[in-house]
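Engineer: Structure in C-alpha cells, see below.
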Amino acid sequence: MAASHFQYFLFLVLVTLATLIVIPTTYAKLSPNYYNKVCPQALTTIRSVVKKAIIRENRIGASLLRLHFHDCFVNGCDASVLLDDTPSFVGEKTAFPNNNSLRGFDVVDEIKAAVDKACKLPVVSCADILAVAARDSVAIDHYKIQ
C-alpha cells in the first residue's frame, strides 16, 4: 500500500514539474521587432540587396515571391527549397518539380552573405531571409512614377 502511495505521489510530482516546464514556453511569442534587437541592420540589408537585384533584372522580384510560395505553402516556411543536393539526398532545389523552374537562388545567397557580414554573425535564418526578400520584392518601387 505504501508503495502505491509513493508511486502516486511521484507521478503527481512529475506531472507538476512537466507542467511548470511547459507553461512558460507557451507564452513565447514571435516578435515583428526581433531583428531590431539581434541585428538592427538585417532588414535594411535585405531590402538593399533585393532592390539592387530588381534593378539588375526586373523579373527577379516575382521569382523571389515564387520561391517563398514554394517554400511556405507546401510544408511550412523552413527554407527547404534552398537545400542543395548531397551524395545521399536530392535537395528541393533540384528536385523534379522545381528543377529549371525556380530561380533567384543566387539572390538569396547574395542576401545571406550581405546579412551575415552586416550582423557579424549568421543570426538571420534563411527562412526569414526568404520571407523578407519576398515581402520587399513586391513592396519596393523600382521604377519612377510619373
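Each Cβ is built from the backbone N, Cα and C atoms, and glycine gets one as well.
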Engineer: Can you tell which of Cys77, Cys119 is bonded to Cys39 by a disulfide, based on TrEMBL?
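Structural biologist: TrEMBL says the disulfide from Cys39 goes to Cys119.
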Engineer: Cys77, Cys126: which one closes the disulfide with Cys72 in TrEMBL?
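Structural biologist: Between Cys72 and the options Cys77, Cys126, TrEMBL records the bond with Cys77.
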Engineer: Quick check: of the disulfide-bonded residues listed here (Cys39, Cys77, Cys119), which one has the Cα closest to that of Asp71 (Ca(2+) binding site)?
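Structural biologist: Ranked by Cα distance from Asp71 (Ca(2+) binding site), first place goes to Cys77.
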Engineer: For Cys72 (disulfide bond), what residues in its own chain, 6 or more apart in sequence, show a Cβ-Cβ distance under 8 Å?
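Structural biologist: Non-local contacts for Cys72 (disulfide bond): Ala131.
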Engineer: Counting across all protein chains present, how many other Cβ atoms fall within 10 Å of the Cβ of Asp78 (Ca(2+) binding site)?
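Structural biologist: Step by step: centre on the Cβ of Asp78 (Ca(2+) binding site), count other Cβ atoms within 10 Å, giving 16.
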Engineer: Just checking, which of Cys39, Val74, Cys77, Cys119 (recorded positions) has the fewest C-beta atoms within 10 Å of its C-beta?
Structural biologist: Val74
